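Undergrad: Before I ask anything, here is the structure I am working with.
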Amino acid sequence: MMTAESRETTGLSPQAAQEKDGIVIVKVEEEDEEDHMWGQDSSLQETPPPDPEVFRQRFRRFCYQNTFGPREALNRLKELCHQWLRPEVNSKEQILELLVLEQFLSILPKELQVWLQEYRPDSGEEAVTLLEDLELDLSGQQVPGQVHGPEMLARGVVPLDPVQESSSFDHHETAQSHFKHSSRKPRLLSRALPATHVPAPHHEGNPRDQAMASALLTADSQAMVKIEDMAVSLILEEWGCQNLARRNLNRDSRQMNLGNVFSQGSENRNGNESTSKAEVKEDSTSHGEIAGRFQKEFGEKREQQGRVVERQQKNPEEKTGKEKKEPGPPTAKEKKPSTGERGPREKGKGLGRSFSLSANFNNTPEEAPSGAKTHRCDECGKCFTRSSSLIRHKIIHTGEKPYECNECGKAFSLNSNLVLHQRIHTGEKPHECNECGKAFSHSSNLILHQRIHSGEKPYECNECGKAFSQSSDLTKHQRIHTGEKPYECSECGKAFNRNSYLILHRRIHTREKPYKCTKCGKAFTRSSTLTLHHRIHARERTSEYSPASLDAFGAFLKSCV
């Protein structure tokens, strides 16, 4: 008993052994346990099962060049994935947990990945708990020094007064004590904290552990900077909107020239604008480099959005100018003396105009994040990245066709469709085949034509395996298996699986015979029947030669030999 107790005690630091005077409850470290286990007789030890991490790395690092073909590569990948995930042992939830854990570890900083690999977490919750414990102890250890100025603002760190300092150290001691006696690894704190943050009695961590801890602290400080930067940008953006709205209101008031009432309001707005500019300048100075960086970053964007708002306000300004030039009796508003205040109606007008400017400013397409589909169609629910695309899409539901062909009068909903249609009249065929030189008016027709040369048949029937170069041919073929006959004759009710068959059938009722023989003038409903008819005339030409003439011609050939 004493031997085992002394062996366990050797795995502890001197400080941990002197913490209690009574019974010392310790947990042997992973390295000591492994040394003790392998120190026994090797003949008594069973071969440990393969590590799943080994199979995972084999699965992820598998290369196609190591195989002799795609089928062998796929089978090898299935085998490696089976060895890693072990579906015969693990449930679906466990397999899902393994995949999520792998992805979670891959997005962590390198230092944290190396640190977590030592503990081999079995689930994502266990990995998160380890990181949260580490972060809690690091936050308890961090006591900022006496640093002032822009660097403190950028990091979001505020100097601690003596009361806060003492409470911070108390919190650190409590967290450290809890961490030592938890079920986690005993050297977690000493490994996690860099030497500058670990108290003096503890030994210093190695450089790799210090880098890992600094990564955690850097992530925290970056999060603080991002939050503060976002607040600064929102403040500047809001003030930019207000200043732009005020400038537009001042311009409108000068154009309308409605008397001293608007002049007084313009002076008030100019005063407010100068006050806002002073506030922005003061706030930018206090934020230092952060505000300057955001002003530079969003300068061009604000300028572009300002031009958009001016274009949106162009038509209302022209309308206002026309109304101003129309003659008429003087209104009560013009006769009203200047009192230095606006009436309720004029205040409402000013607020309404300012609100519409803000709404237009906030709804500009440039405000939306890149790739975000914020414009949604109310009819079908389809979303678009730009409002112009949504407007073009809505034409489909309304049935509007504003683009009309000047040649035939046919109308289209999109201008691009009109351009393609006009090539029928002009005969333009800009898409030419490199193999045979044949030209097409549509690029899609060229793609279908090129499959004739390449022999590509990407559309395959699931029933019989027959392949086709066009999807329409596959659709027609599949009707043979399904028995679908969507084309029905309105005269007799007979149905067909192809439209061409229905057209041929209708000629029976209409007695139309478009295919006419040039020799005898006989007409037929089908081109195939005309081809068979041509053979009759061909046999007639061969029968013009009598048998006697043929025998004489044969004798002549023999004499030549």
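Along the chain as shown, the residues are counted starting at 1.
Cβ coordinates come from backbone N, Cα and C, glycine included.
So Swiss-Prot says this about it:
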- 178-187: compositional bias 'Basic residues' (COMPBIAS)
- 260-275: compositional bias 'Polar residues' (COMPBIAS)
- 276-286: compositional bias 'Basic and acidic residues' (COMPBIAS)
- 294-349: compositional bias 'Basic and acidic residues' (COMPBIAS)
- 355-365: compositional bias 'Polar residues' (COMPBIAS)
- Lys27: SUMO2 cross-link (CROSSLNK)
- Lys180: SUMO2 cross-link (CROSSLNK)
- Lys226: SUMO2 cross-link (CROSSLNK)
- Lys277: SUMO2 cross-link (CROSSLNK)
- Lys296: SUMO2 cross-link (CROSSLNK)
- Lys301: SUMO2 cross-link (CROSSLNK)
- Lys336: SUMO2 cross-link (CROSSLNK)
- Lys373: SUMO2 cross-link (CROSSLNK)
- Lys410: SUMO2 cross-link (CROSSLNK)
- Lys438: SUMO2 cross-link (CROSSLNK)
- Lys476: SUMO2 cross-link (CROSSLNK)
- Lys558: SUMO2 cross-link (CROSSLNK)
- 225-304: domain 'KRAB' (DOMAIN)
- Ser13: phosphoserine (MOD_RES)
- 1-51: region 'Disordered' (REGION)
- 163-187: region 'Disordered' (REGION)
- 260-372: region 'Disordered' (REGION)
- 375-397: zinc finger (ZN_FING)
- 403-425: zinc finger (ZN_FING)
- 431-453: zinc finger (ZN_FING)
- 459-481: zinc finger (ZN_FING)
- 487-509: zinc finger (ZN_FING)
- 515-537: zinc finger (ZN_FING)
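Provide an account of the burial state, proximal residues and distances for the features listed.
TA: Around Lys373 (SUMO2 cross-link), taking its Cβ as the centre, 13 other Cβ atoms fall within 10 Å, counting all chains.
DSSP assigns Lys410 (SUMO2 cross-link) to coil in the three-state reduction, outside any helix or strand.
Around the Cβ of Lys438 (SUMO2 cross-link), 14 further Cβ atoms fall within 10 Å across all displayed protein chains.
The Cβ of Lys476 (SUMO2 cross-link) has 15 neighbouring Cβ atoms from other residues within 10 Å, across all protein chains displayed.
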Undergrad: Quick test of the contact rule: Cβ under 8 Å, at least six residues beyond the ends. What residues does that give for the zinc finger (515-537)?
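TA: Residues packing against the zinc finger (515-537) from afar: 504, 507-508.
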Undergrad: Round to a whole number and give the Cα-to-Cα distance in Å for the pair Lys373 (SUMO2 cross-link) and Lys410 (SUMO2 cross-link).
TA: 33
Undergrad: Kindly assign Lys476 (SUMO2 cross-link) to one of the three DSSP-derived states: helix, strand or coil.
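TA: SS state of Lys476 (SUMO2 cross-link) = helix.
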